[in-house]
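> First the structure, which I've put down as structure tokens, then a few questions once you've had a look.
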Amino acid sequence: MKIILANPRGFCAGVDRAISIVESALEIHGSPIYVRHEVVHNRFVVNGLRERGAIFVEELHEVPDGAIVIFSAHGVSQAVRQEAKNRNLKVFDATCPLVTKVHMQVARASRKGTKAILIGHEGHPEVEGTMGQYDNPEGGIFLVESVEDIAKLGLRQEDDLTFMTQTTLSIDDTSEVIEALKQKYPAIQGPRKNDICYATTNRQQAVRELAQQSDLVIVVGSKNSSNSNRLAELASRMGVVSKLIDDANDIDPTWLENVTTIGITAGASAPEVLVQSVVKRLQELGVTRVEELQGCEENTVFEVPRELRITEVN
């Protein structure tokens, strides 16, 4: 048996930045540091930060007045920002800059009174934060997850409409929804470039290539990670058995029966150490070769806030 590693895989620039913000805040300010929601959707990462003194909460009422709080990479609503200000909380914002870009699109629509349609998954924290950027009662923001949802929209063709998307969606599914929106509302406006982020796009393209060469695709990522789920779904759609796992402990040896090539990738919030532990476990189960796809190079870097930049002194 052999392993083929997808490339690119694992951490993206937004996740790197979010984790660095929590780590730097702990180093500079000490614990406790409060984090609203899991800073990224990965159990291994969150547990590691928790051990270092980060306290993860779901709502700001769990944070003492005047404390330091970090907003997760998924972003928050304007109401949450205002609550933090009212509570005199010291905020470090780990929202991914690519999510912030979508927030700005929604805020612009809100100011103009343009009705906005967000393509995304209901209940996902990124969606909640993005919809929370719209505060104009004369307009409105509406969530659709599928082509079927479009028929339920009570909007008119003559309405001033715009759309935007969650950053971690399936490229194929989103393209279908956008096309259906344009058919129903020919005058609808949208971003010049798809809001799905570069990392999501690159990892889905890598899985396409991986699935063509594999009998089994293993995606390393947490169950609540949107982009990890999309990777597993994509491999399945291509006719390959796919498994989404947190770590090597989730591997079932029976998966390897009649398998000669195992493809491995990782969601944007899964660290490389987990991938390597999966490789090691599979080698114990009989894998003899490890190869890696050439893929594309990613060199995007997002800076942490200035006051959290740690300068090494020689």
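Including glycine, each Cβ sits where the backbone N, Cα and C put it.
This is the feature table in Swiss-Prot:
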- C12, C96, C197: [4Fe-4S] cluster binding site (BINDING)
- H41, H74, H124, T167, S225, S226, N227, S269: (2E)-4-hydroxy-3-methylbut-2-enyl diphosphate binding site (BINDING)
- H41, H74, H124, S225, S226, N227, S269: dimethylallyl diphosphate binding site (BINDING)
- H41, H74, H124, S225, S226, N227, S269: isopentenyl diphosphate binding site (BINDING)
- E126: active site, proton donor (ACT_SITE)
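How buried are the listed features, and what sits near them?
Here C197 ([4Fe-4S] cluster binding site) comes close to C12, G14, C96, L98, T167, T168: these same-chain residues lie at least six apart in sequence, with C-beta atoms under 8 angstroms from its C-beta.
Taking Cβ-Cβ distances under 8 Å and a sequence separation of 6 or more, the neighbours of N227 ((2E)-4-hydroxy-3-methylbut-2-enyl diphosphate binding site) in its chain are T168, A199, T200, R203, G221, G267, A268, S269.
According to DSSP, S225 ((2E)-4-hydroxy-3-methylbut-2-enyl diphosphate binding site) sits in a coil region rather than a helix or strand.
A sphere of 10 angstroms centred on the C-beta of H124 ((2E)-4-hydroxy-3-methylbut-2-enyl diphosphate binding site) encloses 17 other C-beta atoms.
Sequence-distant contacts (6 or more apart, same chain, Cβ under 8 Å) of E126 (active site, proton donor) comprise H74, G75, V99, G120, Q166, T167, T168, S226.
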> Using DSSP and collapsing to three states, where does C96 ([4Fe-4S] cluster binding site) fall: helix, strand or coil?
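Its secondary structure by DSSP: coil.
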> Which state, by DSSP, holds H124 ((2E)-4-hydroxy-3-methylbut-2-enyl diphosphate binding site): helix, strand or coil?
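H124 ((2E)-4-hydroxy-3-methylbut-2-enyl diphosphate binding site) sits in coil per DSSP, no helix or strand.
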